[in-house]
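Read through the structure below, which is laid out as structure tokens, and then see the notes.
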Amino acid sequence: MLAIDESELNQHAMKWIEGIKKFTEAEDVVVCDGTPEEFKQISNELIKSGEFIKLNENRYPNSFLYRSDRTDVARSEERTFIAAPDASMAGSLNNHMTLQQVSEVWNKFFRGAYRGKTMFVIPYALGPLNSRFTDYGIEITDSRYVVLNLHYITRMGKQVIGSMPEKFVKGVHATGTLDPGNKFIIHIPWDKPEGVDADILSVNTNYGGNALLSKKCHALRIASVRARKEGWLAEHMLLLEVEDPHGRKVYITGAFPSASGKTNLAMINPPKQYAEAGWKTRLLSDDIAWMKMKDGMLYATNPENGFFAVVPGTNYRTNKNAMITLSRNTIFTNTGMTKTGEPWWEGLDPLQEELYDWKGVLRKPDGEPIAHPNSRFTSPLSNYPFLSDRSEDPEGVPVSAILFGGRRASLVPLVYEAFNWNHGVFMGATMGVEKTAASEGKVGELRRDPMAMRPFCGYNISDYFRHWIEMGRKLSRRPKIFYVNWFRRRQDGSFIWPGFSENFRVIEWILYRLDHNDNAIETPIGYIPENINTDGLNLTKQDMEELFRIDRDGWREEMKSIGDYFSQIGNIPEDLLIEFEMEKRRIS
């Protein structure tokens with residue numbers, strides 16, 4: 001940690017920091033240097049205060065458990081706001097806040113918020129350093145937990161201080177009282193209220209996406225506004241490298257709403273028969289991809305430097321690479337813990353003995369979950385066993401295919417290909433997830449999550465669709481767009497497709513389609529595979545027919561639902577409405 005006067009930050013940053021210090025009445029200020037010594041010092045302070053528990057050093061070296069407040073366990077969409085002079089700029093899917101309301105929150109909750117506390121200044125960069133993607137930010141916080149998470153998920157500290165530009169994204173976070181009714185996560189991408197010199201404000205929360213301002217707040221909500229203005233894309237997408245047996249490498253991005261298989265696909269290993277044939281996969285990003293144009297193509301990078309991922313359900317069968325990643329140098333949030341100091345969550349081998357649940361209660365693993373369903377692990381990208389050697393490429397990697405996917409029990413085939421770019425945008429704009437349990441609301445109820453950006457687009461979603469259409473016009477070599485659905489079920493409720501590493505069989509067909517015009521059947525909704533490799537899978541002819549069955553009656557109902565959804569959003573781009581009308585005609 002550095003004293004403010006020895007940090008070598010530029011004068012613009014120093015002036016801003018001094019202003020925040022004065023307003024929040026911080027007792028002292030330190031600039032985070034990002035060193036292992038700093039991490040050790042802060043983690044020891046958290047252990048001493050009881051906020052961190054040191055985990056079993058033999059099984060999980062340099063790893064810790066953090067338990068959040070019981071009311072502060074997930075991103076809070078209903079408490080997340082876009083501040084704009086006019087509500088239409090935020091759009092119907094965002095919560096709008098007036099500039100006057102921002103001023104009120106700033107003065108009520110941030111004035112004196114650090115009284116008696118240390119103010120931590122975290123200089124960070126998103127994207128590979130010294131690249132055309134690099135974007136800088138500073139998060140100011142009173143939370144040591146936030147500091148240590150940013151150690152892992154960003155490039156931060158000394159390595160970015162010297163290159164911090166005069167203009168950077170300014171984020172201010174205050175833990176506050178954790179009062180859920182006064183929790184605010186505010187984004188100010190356009191005009192600022194007088195006296196509020198910040199792009200992001202977060203208060204009365206200390207959880208993940210609400211408090212780690214580099215992540216969803218900067219890398220998606222603020223970045224998406226800038227991307228539209230500057231002509232690029234900031235997307236809630238994985239980024240995967242696939243190498244075929246001939247050594248050819250192809251790069252794929254994919255947008256999936258929560259619980260739709262994004263992390264597992266990002267971390268996929270080819271099944272045994274493919275690996276033996278020479279296929280390889282390598283990760284670039286599990287969560288966010290920034291894409292910029294070059295030579296008529298999209299080139300992508302991961303703006304982040306680590307993982308902050310959901311952990312329940314993860315085991316050596318479902319995601320071996322995640323298990324390797326979280327086995328060291330990891331912060332666990334809201335998992336359970338065994339008496340021997342090992343983290344535990346649902347999906348690991350069942351235990352009969354008592355263990356500590358996510359609230360710290362020692363009990364048998366029956367009844368309520370031991371780990372919170374949204375419990376997380378934070379690990380550096382360098383922990384991952386199969387990282388692409390182009391993860392730091394200053395130019396990014398060329399994107400050949402874009403995947404959209406949702407969780408649908410019926411109707412949507414295992415995979416289908418868009419007829420063209422605009423049709424692909426229509427597919428992404430209308431993707432959705434079915435509720436799968438009574439506790440989540442009505443079973444089968446559909447939540448539309450366009451491009452998986454519903455909670456993360458920093459501006460009006462109809463303008464976002466328009467931006468995608470315009471990007472397609474500018475590209476001479478557009479990625480092909482596909483839709484995947486791993487979750488189609490049989491009549492008895494069981495999943496038809498085995499999923500997990502077997503999803504690679506779908507990737508194989510997608511890669512084939514990038515260079516070939518055959519092995520596809522035209523349907524009213526897009527191209528489906530004529531043949532897909534199912535050798536070794538326990539799938540019947542009836543299963544395969546059901547995986548790709550086009551239910552015209554069901555699709556007519558889907559079109560009605562999409563019409564209602566478009567009416568709710570309003571101002572849908574003409575090109576998208578044309579695709580909608582063409583789809584309806586093909587289905588009728």
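Glycine is no exception: its Cβ is also placed from the backbone N, Cα and C atoms.
Within ASP179, ASP191, ASP286, ASP287, the residue that Swiss-Prot lists together with LYS216, HIS236 for binding Mn(2+) is ASP287. What Swiss-Prot records for the GTP site is ALA259, SER260, GLY261, LYS262, THR263, ASN264, ARG376, PHE500, SER501, GLU502, ASN503, and among ARG226, ARG407, ARG408 the residue it adds there is ARG407. Going through ARG75, ARG505, ARG513 against Swiss-Prot, the one listed in the substrate site together with TYR207, GLY208, GLY209, SER258, ASN374, SER375, ARG376 turns out to be ARG75.
What surrounds the substrate site, by Cβ distance within 8 Å of the Cβ centroid and not counting ARG75, TYR207, GLY208, GLY209, SER258, ASN374, SER375, ARG376, is the set VAL73, ALA74, PHE308, VAL310, THR333 from the same chain. Mapped onto three states, the DSSP output places ALA259 (GTP binding site) in coil. Overall, the recorded substrate-binding residues ARG75, TYR207, GLY208, GLY209, SER258, ASN374, SER375, ARG376 cover a maximum inter-Cα distance of 17 Å. When the recorded positions ALA259, SER260, GLY261, THR263, SER375 are screened for a Cα within 10 A of the Cα of ASP287 (Mn(2+) binding site), the ones that qualify are THR263. When the binding-site residues LYS216, HIS236, SER375 are compared by Cα distance to THR263 (GTP binding site), the shortest distance belongs to HIS236. Taking the centre of the Cβ atoms of LYS216, HIS236, ASP287 as the Mn(2+) site, the nearby residues of that chain (Cβ within 8 Å, site residues left out) are GLY209, LYS215, ALA219, LEU220, ILE288, ALA452, PHE456.
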